[in-house]
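As written in Swiss-Prot, here are the features:
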{"type": "ACT_SITE", "residues": "101", "note": "active site, nucleophile"}
{"type": "BINDING", "residues": "44, 46", "note": "Mg(2+) binding site"}
{"type": "REGION", "residues": "1-27", "note": "region 'Disordered'"}
């Protein structure tokens, strides 16, 4: 069960990702359990969990990072966007297979759709269906472990907070360079190049 008490507004060191981060995962967007949009109102892009075998010590839980989608399905330009994701079994739904469920958020320069509002009244970011589109994901930090919840509303509220923690964490200088490409190190430039290579 989720512990009581307030959540930290940011996670990860201010100096930037530390091992094992950043973690690279990629794959085609596949159909998930069909609950993200229908039951939760939180659309997700699921990718096969095969790449997790390269990270056997990675714990289940909620993470944040940046994603890029193959532009051939959308526009001529690849955009890197912030993301919050779940890796695990989702105890609330008693899943028996591990999944990688990614919620792609709007650019940090846009107003946050999850900053305010009670569960059930928040408008999470929505994108058109893109099943089969290749997605590259760079995981930059860990937010929290998986929890079971007493209600669907409690789950949605925690996901809303996850989105805000991800946004606040990514707005720090050492992280925002992954999105903007400005004032970034050679290592970050290489990782951005990988993100946008399809």
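Heads up, the Cβ atoms here are built off N, Cα and C, so glycines get one too.
Each residue contributes its Cα atom, and for residue 101 (active site, nucleophile) and residue 44 (Mg(2+) binding site) these two points are 6 Å apart. Here the Cβ of residue 46 (Mg(2+) binding site) has 21 other Cβ atoms within 10 Å, regardless of which shown protein chain they belong to.
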